[in-house]
Structures are given as structure tokens and as C-alpha cells.
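Right, one structure below, let's go through it.
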């Protein structure tokens, strides 16, 4: 009763093709957006912004990007960390070369730079597929991180090899650097994630998204019905890297502020983002949000419970955390291989009939 | 002989020996992939866990090396059984990527368990394998080769021979090959998929133990041991996922290529290229032969 399509008539094709054809969905999304944009910022403090919200938003951006490649186009990639590094270093170079540039523009430009690099590393996907490709993307991961470590030009020959985000503004508001207010950083990331989640949603609903999914489901059959594998695969790599590059920009610029390539963009990040989309749901934009939230909150909750609650030593707690993370991943894969997004749609199914299950 | 040429030979030999080590880890991957189509990311951690268990039981219970090895083999068989029971059994018929992710999860579980049981500090593994340079080669040919690496090479050769006999001549080996060819057909002639899985994971566990002993003796038992799995991956794509000789040849090529590149090309482009060179080599190779050196060419039909 709470959630029903009955009585909501669609009288035109555009209405039928709307992103949220059901009124309750639309209302719910608007409510969430209103809370996120209006109700959260006044209560935000440094801890919430830097430990939960901004990491969640930048990982969401990365998860959307990887989901486009893995979930929609079926090309497994383990190079996320490397592409985030490209985004971050592009941001750094742009920020230091053009100090006056609006940070929003920098993030988008960093996305484009990463898209180019991503398409380049996507080229092997035309010849190889499956796990061979997954391992081949590791080449991108290791090579890019090595490159940013070795070539001084990328980190402006700073003696530590670190990159540090200088203060930058967007529409007159300071969003990066230590002086930026937590709310400003949060709102900046939120706006970016919302806009580009919408872009991703629409891309995946449209012609190009259908081509990706055709390639994912069976590439030879897709080719027979007229999808060009070259175009579809490379565009998936480019769009995916565009998002991951922007994620890297937010991750480095707004969240970390300073980064060292091996630490911040190692292979662990690649796995983390991959876990997010698996747990959240492959081939689902909503799943990218849910997965990122889950993976950001999990360590915090575990740490609170084990170290503060049960008084375990930090080292032991860390070991248990690794163990539990593994158990949770396996548990999720067994119980709900379609991820949290599927759970959400199950809830909606139930609500449609509630309170009369038959 | 000319010292430059000698140096080149030494580089090649040390590359070959490192390659044998990579091949040992890659072998575990291949066994599992061949028999079940599961890309087992946990193989490196399995090697770490085996080495940790071995040092653990030797230290804690004061067992001699041979007893420790037997205990560890039993533990690895138990792990294989648990993996089948708790993970794989529930994931039958899932997509390969789901199984792959499950093995990443498994890697975390095994690593966490190993750390909780035996602690995460660096341990010395000494089961009496010879250490140091081989005097005979040093004296007569002026070549510097570590004894341990010779032992590793001989062990790897023996292991491959035993595995080849096991796969080709025994009843269970035939069953393994049948499962590798076609799960459903194998099931329909009465081969138990579950038994096969336990067997193949046990064998992979034992191969991991051998790899763990060699690496552990060489550089201590510590977390970085599980990272050699990442080195074994390019070996795999170079050799082909389903080929045991591929794992060996791939390992040798990667080992030698990496050492030569590091020594002769490294200084020109900035050094420390060992991390990615193997991947780039494998990637470049794949562009010409997408199924790897000895991989099967898969003919796809709609």
C-alpha cells in the first residue's frame, strides 16, 4: 500500500522512460537530496566530514566509475588505484600550474586526462578478455604508481615525493587545503557526486549503456547484432576512467590533502573499490552508493566495537578486522550475489504489497 | 672469461632461479583453475599461511622439521576441506567473477586467521635447507649461485614430475582432467565435484607449502610473502591459465626478463622497474597471443 504503481498512469513515452516513473520513488529521492544538501551541513564537523562523509562521496564516485566498466560492460579491472592516481596527479599539476582556476573545472579536467589514459590501457581489452584482462589491468596499476614515484615532473620535484593540495576555491568558496571548512568540502563533493551519478544513470539507460550491457552479456552476439566492440569497450574504459579520475581528484584534493603514490593509490584501493561494487551490486548506480557507504562505515564500526567496546588491542583488532572483512565478503557473495542494491529492490517489492503479503 | 659475459650469465641464472620460485606459486593457481575454473587469488596467502603454520608448529611444539611438514600438510588439507564446505559448495553455478571475489575474501580470512594464530611479526624459517653460495660452481666456474635456489629448482622439477604422473596415470587424476574439460559431463558419469575440489585445493595447498618453505627460507616468513602471488599473475597470463608447463616456462621467462631489464634497462629509466616490468612483458605478449603461451585457444560460438 505504501508503495504502489497502481493508478499511476503513463500516457506518453517520455513519462514511461522517466528515471523514477513511480511518484514514491521520486519523493524519496528528493527527500534524501534535501536532507543531504540542507539538513546535514549545519551539523557537520571535521570528524564526520573527513572520516565518513567525504571518503564516502569520493569512493562513491570511484565505485560508479568501476561499476560502469565491470558491472555494465563486463570488463574486469584491477587498475582503479592507478587511475585514481592519474586523477590526483592531474589535479595537482593543474592546481599548481594554473592557481586561479576554479576547482570544479580542475576536477572535470582531471577526469578528462584520466579518460585518455584509461582508454589507452583499455586497448588490450579488444584482444583479451576475462581474467587475462583483469591481470593485464594490474600492469596499469603498477606502472602508473611507479611512474608517479619516479618522474619528478609529476610531483614538481618536491623532496619528499609527496603531493600536497594547495588552497583552491570553487565559485568563491574555499574547498581544498587545511583552511577549508568541512561543510564546503562536503557540499562540493556531494554536488559532484549527485550530478555525475545522474549522468552515469542516464548514460547506462541510453544507447551507449545498452551497447555496454550487450557486450557484457555476450560479446560475439552483440557484435552480430551491430554493436561495435571497439567503440563500446573503449568508451566504457574512457567513461569509467573519467569518473575514477574525478574520484581521484576529490580523494586527493578534498579528502586527503596530501598523498604519496604508493601509500594512497596502492593495489588495496583497487580491491576496496571492487569490493564496494560487488557488495553494493554490480550493474547498479544505487549499488555504488550503498557499497561505498558499507565499506567506509564497516571499519569504523568494527573498530568502535572491538577496541572501545571489547577492549581488544589495536593490533589484534586489526587482524580480526581483516578476518571479518573476508568473512563478510564471502557471506555476501553466497547470500546475495547481487549485492545491497538487490536487497533494496526486495524491500520495495515487499512494500508494494504491505501490509497484505498476498 | 670476460667478466661482462660472466655477469650476464649470473644475471640469467639468478633470473632463472627467481623464475622457479614464481613458477611454484603459479603452479598452485593453475591447478585450481584447471580443475574448477576458479581463479584463486588466495594462492599467495595460502603460501604465507603454510609457511606461518610450519614455523608456528615447529616453534610452539618443538617438532622436528619432518613432523612439522606433515602437520602442516594435514592443516592444508583441512583448509581445503573447509574452503569446499563453507565457500565453494555454496557458489556452484555462479559467475567466474563472483568466485574470483570469493577467493579474495578467502585471502583476507586466511591472512587474518594466520595473523591471529601465529602473530604478524617476521619469523625465521629453518628446516635445514642448505644456505649460502654453492662452492663447487664458485670454484670451478666462478659463478655465484645460491644452494637454496638449486634446491628449489630441483624440488620444482620433482613436483612437476609428480603432478604430471598424478594427472596422467592415476584414477583421481583422470577424474580431475574430466572435470576440467566439462563439469556437467563429469558429474553425469558419476564423478563427485566436491571430492575433486577438496583434492585439488589440497594439492594446491601442498604446492603452496613448498613455495612457502622456499620463499620463507630465503627471506623470512612475513606478510610480503603473500605479495609474490602478484608476481605469479603475469607468469600465469604469459604461460596460459590452464597449462602446467606454461606456469614453469612463464616463470622462467618472467624471472630472467625481469632481472635483465632491472640490471640493463633499469638505470636508464629510473630503476625499481621489477614491479611492473613483468606485467608489461606479459601484456605485450598477450597482444600477439591472447591465450598465453600454452593456453588453449577457446573457440566461441553464439
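Numbering starts at 1 and runs along the chain as it is shown here.
Even glycines carry a Cβ here, placed using N, Cα and C.
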Range annotated as transmembrane segment - as stated in TrEMBL, picked from B:169-190, B:235-256 = B:235-256
Query = Which bits of the chain, at least 6 residues beyond where the transmembrane segment (B:90-110) starts or stops, bring a Cβ under 8 A of a Cβ in it?
reply = 37-42, 44-46, 48-49, 79, 83, 193, 226
Inquiry  = Three or more CB pairs closer than 8 Å, sequence separation of 6 or more: does that hold for the transmembrane segment (B:38-57) against the transmembrane segment (B:196-215)?
reply    = yes
Query = So, do the transmembrane segment (B:196-215) and the transmembrane segment (B:268-288) meet, by the test of 3 or more Cβ pairs under 8 Å (sequence gap 6 or more)?
reply = no
Query = Relative to the transmembrane segment (B:235-256), which of B:12-33, B:63-83, B:150-167, B:268-288 accounts for the most Cβ pairs at distances under 8 Å?
reply = B:12-33
Message = So, taking each listed stretch (B:63-83, B:150-167, B:268-288) in turn and counting its Cβ pairs to the transmembrane segment (B:12-33) that are under 8 angstroms, which one gives the highest count?
response = B:150-167
Remark   = Long-range Cβ contacts under 8 Å made by the transmembrane segment (B:63-83), restricted to residues 6 or more beyond its ends, are 46, 49-50, 53-54, 57, 106, 110, 127-128, 197-199, 201-202, 204-206, 208-209, 213
Key: Positions whose Cβ lies under 8 angstroms from the transmembrane segment (B:268-288), at least six residues beyond its ends   = 231, 233-235, 237-238, 253-254, 257-258, 261-262
